[in-house]
Amino acid sequence: MGDFDMVLKFWGPVEADYSAHGGMVLTRLFTENPETQQLFPKFVGIAQSELAGNAAVSAHGATVLKKLGELLKAKGNHAAILQPLANSHATKHKIPIKNFKLIAEVIGKVMAEKAGLDTAGQQALRNIMATIIADIDATYKELGFS
């Protein structure tokens, strides 16, 4: 089984409740890596203790996971999906590439805990995310952003 199919096998619970899983991902990202919260102007004033259950955090987390779902379902044929995301994250949001690596690890942890992603699935997700992040980084370099 390929990496994409292995991860998609566990995607159902995430897809069934993007808001809850997205909220968990961003809350964990911000609590484990507090500096990342500063990259989201609308979340800067939210206390760490108030992140979980915050509707705006959950909504943005849902957006992140929906996009990841599109990327997973594209099974590597993702240039048309990824290009606009990479452009906006470089030129508008100014998100350093290392932050994609941080959120990728958090997504893996949340999927393991909440969707049953096993060890092989976690490695498959790491492989997929490494490719996606490398493609984002290539766009960043083309744009002169690093």
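Cβ coordinates are placed from backbone N, Cα and C, and glycine is handled just like the others.
Taking DSSP states H, G and I as helix and E and B as strand, the domain 'Globin' (2-141) has 111 helix, 0 strand, 29 coil. According to Swiss-Prot, the domain 'Globin' annotation covers 2-141.
Here the Cβ of H60 (nitrite binding site) has 19 other Cβ atoms within 10 Å, regardless of which shown protein chain they belong to. The nitrite binding site annotation in Swiss-Prot covers H60 and rests on similarity to another entry.
Look at Swiss-Prot and you will find H60 tagged as O2 binding site.
On its own chain, H89 (heme b binding site) has I95, I136 as residues at least 6 apart in sequence with a Cβ closer than 8 Å to its own Cβ. According to Swiss-Prot, the feature heme b binding site maps to H89, an assignment based on similarity to another entry.
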